[in-house]
Amino acid sequence: MAAAALRPPAQGTVTFEDVAVNFSQEEWSLLSEAQRCLYHDVMLENLTLISSLGCWYGAKDETPSKQTLSIQQESPLRTHWTGVCTKKVHLWGMCGPLLGDILHQGTQHNQKLNGFGAYEKKLDDDANHHQDQKQHIGEKSYRSNAKGTSFVKNCKFHMSHEPFIFHEVGKDFLSSLRLLQQEDIHTSGKSNFETKHGIPLQGGKTHYICGESTIPFSNKHSLVLHQRLLPREGPYVCSDSGKFTSKSNSFNNHQGVRTGKRPYQCGQCDESFWYKAHLTEHQRVHTGERPYECGECDKSFSHKHSLVDHQRVHTGERPYECDECGKSFSHKRSLVHHQRVHTGERPYQCGECGKSFNHKCNLIQHQRVHTGERPFECTACGKLFRSNSHLKEHQRVHTGERPYECKECRKSFRYKSHLTEHQRVHTGERPYECRECGKCFHQKGSLIQHQQIHSGERPHECGECGKCFHQKGSLIRHQQIHSGERPHECGECGKCFRQKGNLIKHQRVHTGERHHEC
């Protein structure tokens with residue numbers, strides 16, 4: 001990457017090309033009517049600025065002597081001066097078709113230059129004028145100018161002793177015009193724009209006053225480009241991209257993005273950022289500052305966007321919708337995670353076993369299987385869990401909370417997955433099918449247990465007698481034979497049973513219920 005350059009100020013003698021932009025007829029045809037008007041205004045304002053700063057223009061490499069065109073300007077920035085042109089010619093006759101019209105308009109109507117000066121035209125329009133012009137500048141140069149090249153190539157400006165910086169409008173003037181038009185669209189709807197930036201005049205027109213030179217302008221576009229011409233620090237120009245700015249911090253940010261360097265580093269954790277604002281937000285992690293507070297529930301956040309996301313909980317707004325299934329979400333990241341269900345994308349892979357996951361948090365939880373880490377402890381019984389969600393689900397055993405209720409039978413469950421499986425009893429859905437015999441099941445666990453019948457697998461072995469079972473529940477019930485445990489007690493007579501099913505059958509003796517009729 002080439003090193004970024006700081007454009008040096010143009011001091012002493014400069015050509016008008018340093019501040020003017022010329023279009024060919026083909027380029028001119030690409031501009032809209034609004035852009036042409038803007039170009040016209042900007043060139044007039046540039047001419048005004050040059051006059052106000054005490055510049056004079058004449059034919060190249062000649063000593064100034066007063067001829068037929070004089071421009072007198074009383075500037076608030078300079079003492080009285082007189083600028084002269086060294087040849088008795090129509091200036092706009094030497095210009096291209098665009099700049100020529102602008103200079104012609106400025107002189108023909110004795111237009112005041114923003115209220116500070118005036119043109120005085122004393123030109124001879126005799127029939128021999130063009131012939132004299134050819135003899136003075138040469139036939140080749142005249143033909144070139146007739147094709148549209150500007151007279152500015154043959155003119156120079158003698159600057160005052162004070163240094164002055166001309167800012168280029170930009171490599172792509174069309175882009176600059178579009179940018180300025182967009183800025184005007186965004187600000188035109190603000191009711192306080194005139195009170196801040198403009199002074200209303202008669203007829204509803206507004207003057208936009210430059211705060212540095214006090215020069216008034218008829219529109220905001222001209223003021224913006226004028227302020228780029230004022231002496232200031234910079235501009236800072238990136239030699240790679242061609243982008244420029246008058247602010248050193250903006251230039252540093254741009255360079256950081258291009259080089260990959262993050263200039264703003266956190267002193268607490270060594271994390272670095274491209275922008276100072278991002279560093280400020282990050283430091284709230286260490287300070288605990290939460291300046292953004294929800295007006296509904298008083299919950300506070302360290303970032304404004306977090307508050308905006310949270311407020312959708314109260315409003316119920318779900319602006320992010322899945323194109324595949326129509327499901328909507330309150331957060332964009334939730335939509336991105338959901339879309340992986342449709343695409344099958346699993347970007348987070350375990351380095352130990354190669355298993356992949358949709359979400360990073362699921363990978364972190366899975367990795368604790370390999371490390372054996374169980375950082376979440378139940379305060380009631382001391383049991384440890386790999387994830388906070390598993391701990392919260394377990395705590396419902398102690399609290400008796402069953403937040404998931406079936407709308408059909410009002411039966412409630414501790415876990416949402418249990419409710420989902422239960423609802424299949426009402427719907428008759430059996431999504432899990434055995435490939436061996438075609439039998440279907442409500443639950444995936446039931447299918448796995450059934451498949452052990454076909455495979456002959458009995459993974460659960462009794463440590464006392466060596467007997468094996470298909471299901472873990474069957475092993476637990478069997479072990480009660482060895483332990484003598486009978487956990488299911490009848491409330492009527494106190495008789496105890498190893499299995500709950502046996503207790504239910506026994507209770508019919510007391511109720512007189514006859515479940516099976518002939």
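FYI, residue positions are counted from 1 along the chain as it appears here.
Yeah, the Cβs are placed from backbone N, Cα and C, and that goes for glycine too.
Checked against Swiss-Prot, the range among 59-81, 105-127, 174-196, 404-426 recorded as zinc finger is 404-426.
According to Swiss-Prot, of the residues LYS171, LYS304, LYS439, LYS444, LYS171 is the one noted as SUMO2 cross-link. Zinc finger is the annotation Swiss-Prot gives to one range among 138-160, 460-482, and that range is 460-482. In terms of DSSP secondary structure, the zinc finger (292-314) contains 11 helix, 4 strand, 8 coil. Each residue of the zinc finger (432-454) gets a DSSP state, and the totals for helix, strand and coil are 11 helix, 4 strand, 8 coil.
Secondary structure of the zinc finger (376-398) per DSSP, as helix, strand and coil residue counts: 11 helix, 4 strand, 8 coil.
Under DSSP, the residues of the zinc finger (320-342) split into helix, strand and coil as follows: 11 helix, 4 strand, 8 coil. Broken down with DSSP, the zinc finger (404-426) shows 11 helix, 4 strand, 8 coil. Note on the zinc finger (460-482): residues 449, 452-453, 498-499 of its chain, located 6 or more positions outside it, place their CB under 8 angstroms from a CB of the stretch.
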